[in-house]
Amino acid sequence: MPPHLIDGEPHDHAHDRPKRQRTPGEPLRIGIGGPVGSGKTALVAALCKQLREELSLAVLTNDIYTTEDADFLRRHAVLPDERITAVQTGGCPHTAIRDDITANLDAIDDLIAANPPLDLILVESGGDNLTATFSSGLIDVQIFVIDVAGGDKVPRKGGPGVTYSDLLVVNKTDLAPLVGADLGVMERDAAKVRQGRPTALISLTDDPAATPVLAWVREQLAAIAEADRHGAASGIAH
């Protein structure tokens, strides 16, 4: 699908849309954010490969000036091309997922219209820093991905993505010995700042299926399926 464009102008971060009320039967929207190079696109690819035989899903990526992440997913044939689309955000990647989400909403509408019925849409943010989060008007739940390359201090530094995401993923754990990162420290500090919200430590090298993340996604899908059976606006499990 063709890329959707926005102007990328900065906006007041205090303004956000109300939390979206998912209508029964609508696809679950999961946001996947995190810094550049943390492994967001590789995680999206892994989830698509595991879920594509059991669910109807689609992917929306956000890149600053290119469609590189969407192109990567198409090249690796994780889903049919028509189920992958991109938003080009301009110079401020967090704007498109938090402050002015119009282009992302339009792209989601196009995916739903082109691929009915969808069960799940994965929305990948452009690479940003630890302050980037999704608008609650855009997604239902969000995953924030960091990796061990920044050292074991990253969870301790916090930030909205680390602290408040519905699932924190510490990626590339196989590299921890090479960079001197203590996974135990990362897990402990994440638990402290996240106050009960789950954290998953993964290595896509050692576990290409991203098993703990996959299990969490299935839990979210089960929660909305249960809500749909009762005909209520979904309450997503955290």
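Cβ atoms are placed via backbone N, Cα and C, with glycine included.
As written in Swiss-Prot, here are the features:
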type	residues	note
COMPBIAS	1-15	compositional bias 'Basic and acidic residues'
REGION	1-27	region 'Disordered'
BINDING	Gly34, Pro35, Val36, Gly37, Ser38, Gly39, Lys40, Thr41	GTP binding site
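Structural mapping of features recorded in Swiss-Prot.
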residue	record	Cβ within 10 Å
Gly34	GTP binding site	27
Pro35	GTP binding site	21
Val36	GTP binding site	10
Gly37	GTP binding site	13
Ser38	GTP binding site	24
Gly39	GTP binding site	23
Lys40	GTP binding site	27
Thr41	GTP binding site	22
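Under the DSSP three-state reduction, Lys40 (GTP binding site) is assigned to helix.
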